[in-house]
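According to TrEMBL, the transmembrane segment annotation covers A:6-22, A:31-50, A:70-95, A:107-124, A:130-150, A:162-183, A:203-228, A:240-262, A:299-317, A:367-385, A:405-430, A:459-481 (among others). For A:128-416, the entry in TrEMBL reads domain 'NADH:quinone oxidoreductase/Mrp antiporter transmembrane'.
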């Protein structure tokens, strides 16, 4: 029992609850948001330190011993993801302060952002599959409001699709939970792990596993990503950075959790599905990244490629691959947040998201240009940046597990990631300097990242902070490795997780 | 009893999917409601329909009904209630701003 586990939820929840009351006081909103997000980071650091020292931490709500009641569990994977969430949440709060217009800020932007963090942290920490559904909904409902906030025509259109897709997938989620409860009579994930292993995973349980795979793939954008490029083009840059960094990763985390802990009995079926889905996702994401010539779409297809790559690590599911998955998840959260922040700034500077209409920004925005370039290298996995260690481990694991084709596809798509981003860099920063186009956000046609209000120089600071983290994660990989290895070890040996919860 | 419930659930899912595939936004929203109702009944049925005992478990209880499905359904109803009302407001607002509730037309305008 460790009461610390509730704090990653409690801090953003309290922050949001206070902020809802003072809608009009923008300065107050900004200060409290910043303080709340820094407090969240402090809690996350303590949590990681405790898990490192004392192993898996648990919290039984209201003292109901498992398998009854709701449990919160922090193994190393959860703790590290909580840390990444808190860190990225903090930088995005800082970026939002300068980049989100006052109109949005006075209409509950910050409370919604913190509610979203509550849902994300809850999804990472919960050890109960129905509670996972509830945390998902907290996160999704905040994201519905964030994506439509501002109410431009494009946002309204995309929100309708986004909400409908998620309502349907949530319905399937409840159906999958119903089937699982009918078959096993359990909701606690550790208990489920034991019961599914006892029953032997075949027939009906495999069907349920595939149903869960479909549900979480819809949320993560694994193969079923058709909704993602459109929906993630509509809201302001800060919101997309938040979504691209956190929302899809929550889906990936639940895939990893469910298929390492509960449905690990029949990898010949489930993990083969995941492997195929991963391969197709990477290829289609790469095609999308090559096909489009406007920045939001290219960046969104890059999100899809990385989801496919992480799923490749999950499909392999050996020691190297799983610790690689954790490392790559951490890297990708930071790098995607940074990528969308920089993409938003480029569009702000050029006045358009279309590559054909921009050029020569390097003269006026040298720092922005080189930061984007370094981020592109990190995403492609060039050492010594943060993308390299995770990618190396996943591909090493893939070779050891005999997934030669997937390893080849992922290496090839790494090149395409680099190519597509360097193409953005060249089009935006090289060539002749062009006149800045007026940012037109409400004609419903132009896919611009609307909602910027000013050209503050301070907007580069949060991006610089994230860039330092990415470089540090790459250079200091040796220092991060013990943490990641511990996380991968628990994922590989679900008995440890079960033991920590059902010890008596 | 389980058989009748299964048929009801099937009918609800059919109606829900049929409405989801229609063009009008309002029908689609009703479709999601039907789907969630179907899934709630599914949750109740899957955890075995028991009657004749209170959902309370004392030290010497002879028989009891599993109270968990009700708790889950209640949570899920609250969530779907909130989301449906959000969707209705969203549909109203987009009808005002975009001038149509036809999904085909909404798609054309984006291109």
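One-based numbering along the chain as shown.
Note that Cβ sites are derived from N, Cα and C of the backbone, with glycine treated the same way.
If you look at the transmembrane segment (A:240-262), the same-chain residues 6 or more away from its ends with a CB under 8 A from one of its CBs are 77, 81, 85, 88-89, 92, 95, 113, 116, 120, 123-124, 132, 136, 139, 143, 146-147, 189-190, 192-193, 196, 209, 212-213, 216-222, 228, 232-233, 270-271, 274, 296, 299-300, 303, 307, 310-311, 314, 317, 322, 325, 329, 332-334, 336-341, 344, 449, 491-492, 494, 497-498. Note on the transmembrane segment (A:6-22): residues 28-29, 32-33, 35-37, 39-40, 43-44, 47, 59, 72, 82, 85-86, 89, 108, 110-112, 114-115, 117-118, 121-122, 124-125 of its chain, located 6 or more positions outside it, place their CB under 8 angstroms from a CB of the stretch. Among the stretches A:31-50, A:299-317, A:367-385, the one making the largest number of Cβ pairs under 8 Å with the transmembrane segment (A:70-95) is A:31-50. If you look at the transmembrane segment (A:405-430) against the transmembrane segment (A:299-317), you find at least three C-beta pairs under 8 angstroms, all six or more positions apart, and that counts as contact.
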